[in-house]
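A.B. asks: Once you've had a glance at the structure underneath, I'll fire off some questions.
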């Protein structure tokens with residue numbers, strides 16, 4: 001049931017003139033300069049790290065399947081941070097928050113959910129790659145062909161785009177209460193849903209459905225892959241062989257735990273437990289710290305990435321000498 005002060009949903013009210021106010025970190029006025037500098041440095045380092053991996057893989061003539069997936073993962077993280085962080089930096093510059101149009105807020109939410117969902121699907125595809133590499137090593141080259149990897153990457157992107165579009169449309173069809181102040185630094189789904197003038201749990205159903213499709217389904221596929229991998233490793237008698245096989249999964253496991261840990265905490269819960277301060281802290285982790293750690297984890301743990309980066313640096317040195 002709409003409350004007093006709700007926006008009437010007509011063609012005028014949903015136009016570009018309607019705005020939300022992103023409060024950001026307006027309660028931390030004394031720390032604005034410090035937070036701005038920290039976010040800016042982290043953002044630039046994240047962009048540089050993911051761009052370096054992306055360019056290194058693109059310039060590599062022979063790309064194993066895992067490198068193709070890592071290339072897409074880096075591209076997702078580049079877009080992910082560019083969608084969120086610039087607006088967050090702007091909210092630190094403006095003392096009372098920064099405004100964002102109705103359509104701008106909807107676009108930001110859609111891109112954010114689509115990129116996060118594509119990453120979930122991509123992590124599931126990467127777990128299947130690890131399953132084939134460990135459990136069916138002789139058939140790996142035939143099964144994980146470049147064509148299959150490209151089809152999986154495209155399916156991840158299109159599937160996440162469709163689910164995110166349906167969720168965004170469902171959220172922005174709701175009536176919102178005045179004042180339209182979002183206590184967050186971007187248009188996150190729980191923060192926007194908190195403004196909805198409804199007394200029922202019906203508005204949360206699209207978010208629940210999106211969580212099932214974007215979080216639960218890929219997680220079950222990842223879990224199934226690792227159950228098969230664990231069962232296969234138990235049959236390996238050599239501790240060295242078992243340890244070597246497990247090390248190939250460490251990077252993927254670390255990324256999966258980081259991504260799913262934050263996403264589960266924020267999105268799989270009822271609206272009544274929403275806490276702006278707590279959500280902003282967790283959001284800082286998965287929009288700033290996690291994308292920064294991805295290049296570090298893969299560059300340190302993944303042998304193929306280290307080899308590609310060394311080749312790129314070697315080519316650069318040769319070019320400078322010539």
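Each residue, glycine too, has its Cβ placed from N, Cα and C.
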A.B. asks: Taking 174-197, 246-269 as the choices, which stretch does TrEMBL tie to transmembrane segment?
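C.D. replies: Range annotated as transmembrane segment by TrEMBL: 246-269.
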A.B. asks: For the transmembrane segment (109-128) and the transmembrane segment (207-234), check the count of CB pairs under 8 Å (sequence separation 6 or more) and say whether it reaches 3 or more.
C.D. replies: yes
A.B. asks: Give me the stretch from 33-59, 207-234, 246-269 with the greatest number of Cβ pairs under 8 Å to the transmembrane segment (148-172).
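C.D. replies: Most Cβ pairs under 8 Å with the transmembrane segment (148-172) come from 207-234.
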A.B. asks: Please report, as numbers and ranges, the same-chain residues at least 6 past the borders of the transmembrane segment (281-300) whose CB is under 8 Å from any CB of it.
C.D. replies: 39, 42-43, 45-46, 49-50, 52-53, 70, 73-74, 77, 80-81, 84-85, 88, 184-186, 188, 251, 254-255, 258-259, 262-263, 265-266, 306, 309
